[in-house]
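Peer 1: Input: one structure, supplied below.
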Amino acid sequence: MTIGYRDAAGDPLFPWLMEIKNSMEDLYAGKNSGYDLDKLLFDCISTYKKDSRYRNDLRFLKIWFLYLEGREDFERVYREIEETEICKGHSLLYEWYAIFLEVKGLWRRANSVYQTGLSRKAEPFDRLKEAHSLFLQRISKRTKASSLEKVGDDAQATDLETGFVNPWETSTVNGLIHKIKPQLVKYDGYHVSNKVFPGKANLSSLQNYSRNKIIEIGGRKYQMKGCAGQGGFAQVFKAFIDSNPDEVVALKVQKPPFPWEFHMYRQLDCRIPDSQRSSFGLAQRVHVYSDYSILVCDYLSHGTLQDVINSYVVVGKSMEEVLCMYYTIEMLNMLETLHSVGIIHGDFKPDNLLIRYPPENLTETGFHEKTGSWSKKGLCLVDWGRGIDLSLFPRTTEFTGDCRTSGFRCVEMKEDKPWKFQVDTYGLCVIVHMMLHNVYMEIEKKQSLDGGYINMPRTSFKRYWKVDLWKELFTKLLNRETCEDDTETLRNLRKSMEEYICSDPKLMKKLNELLAKQRISLCSS
């Protein structure tokens, strides 16, 4: 590291710079020990660390780093640099320390330093952003192969401080499926064949078949009742088992075969408490052939949250705030439960949230605890093809893939930063915005009280809303500086909204009326 100089007049740091320069030259020539240089650096720092003239002086920052590089307690030294706010607004503070950490193999910590600098808008900002992007590219290349070798291997997981992995990349998914294969074949309802689908029906053209067509899968006969959904690789059909209208299922037909989603469903069976299990979809069985896989799931007939939102859009109205808040509580509770057991959905959007209705009328009792009829009410999260099982990765793994779903790319994806739980919580924010405003969410940087910037929706809140609750939700979920567990944040947001609704009997009464009205409207359409 080289040190620059300027005129010594009125600059008491200048003689120290000259002495440090001479000491470094002597050290390289073998004329003194490193101890002499360390003492000189320490004395210089102690003399001027509280001198405001040098708080934003890059020469002084370089002296700090010369001292830091020779210390085993470098983290303590860096904390002191932060506490004394030396060059806090300059990108070189973060770039130099991140490079130092990267060389030591402390990649996760290095990434955190870059993120801190970016969140503070350190200048030159574009230089720091480019340095961070290049860092992610380097780490991605280094960890791509090694992270897959560590999947499911707890003994080796600690060897790698962190990995940056695309969880949806074909090679990643195939590696995971290979690792869990011994477990996969033991799952109840898992049926595999190395042959092509033996049925007479062409599964690729099922949508063209007439209603009531009978196809046989795994010894059972299914009466096709129509297409319920279609994606890039899969089609979902409504069907009756043995032509019995009381046994309705959803058949998800996918090519090429994709057993991963069934693994996610069985992990939900294992990890989610029985009292909440019906909120996350149920898979009965899967048939995996060499050309197709067919996933058999429970079928819910009451539409999706997207249908509810659309019912307001078509009449030019926005959803009532108390109903928005109710569905927000549902989603917060879902993600709190999922993330606490190490599961990420990865495709959290309104058309993957099915509506659930109880068989009997709702009562106010049990709203907080989701007991009685409330336990059968709410939402059901389905489509687990992009689900992430965190137990299969080292604990500190962070993700770099892009979901490429318009309107649902989280801030980290847009800014080329690693993410974890943000992929779900950003989806939640988009859905809440759609319920409140009838449009997708657009993000803008707004100045915060501490002089920095935070991500917030561009569209303003209406004055008569409970603005403090909505502002808190978007502020906390759109501005997470780390990829650490977010369950406490989700829980606190949920409880605040629950307490607000329960504080006024009129709100609870109105909510019941709106849910009853919604049920009549959707079921009759």
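Placed from the backbone N, Cα and C atoms, the Cβ positions cover glycine too.
Not measured: the values here are computed from a predicted model.
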Peer 1: Out of 50-57, 370-377, let me know the one Swiss-Prot marks motif 'Nuclear localization signal'.
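Peer 2: Range annotated as motif 'Nuclear localization signal' by Swiss-Prot: 50-57.
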Peer 1: DSSP on the region 'Necessary for kinetochore localization' (1-138): how many residues come out helix, how many strand, how many coil?
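Peer 2: For the region 'Necessary for kinetochore localization' (1-138), the helix, strand and coil counts are 96 helix, 2 strand, 40 coil.
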Peer 1: Counting only residues 6+ away in sequence within the same chain, which have a CB under 8 Å from the CB of Ala228 (ATP binding site)?
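Peer 2: Listed in sequence order, they are Val236, Phe237, Lys238, Ala250, Tyr299.
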Peer 1: Quickly jot the same-chain residues contacting the motif 'Nuclear localization signal' (50-57) by Cβ under 8 Å, restricted to those at least six beyond its ends, or write none.
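Peer 2: Those are 13, 84-87, 89-90, in sequence order.
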Peer 1: Look up Ala228 (ATP binding site) in the DSSP assignment and reduce it to helix, strand or coil.
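Peer 2: DSSP call for Ala228 (ATP binding site): strand.
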Peer 1: Just how many other Cβ atoms lie inside 10 Å of the Cβ on Asp347 (active site, proton acceptor)?
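Peer 2: A count of 22.
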Peer 1: I'm checking region-level scores; what's the whole-number mean pLDDT for the region 'Necessary for kinetochore localization' (1-138)?
Peer 2: 84
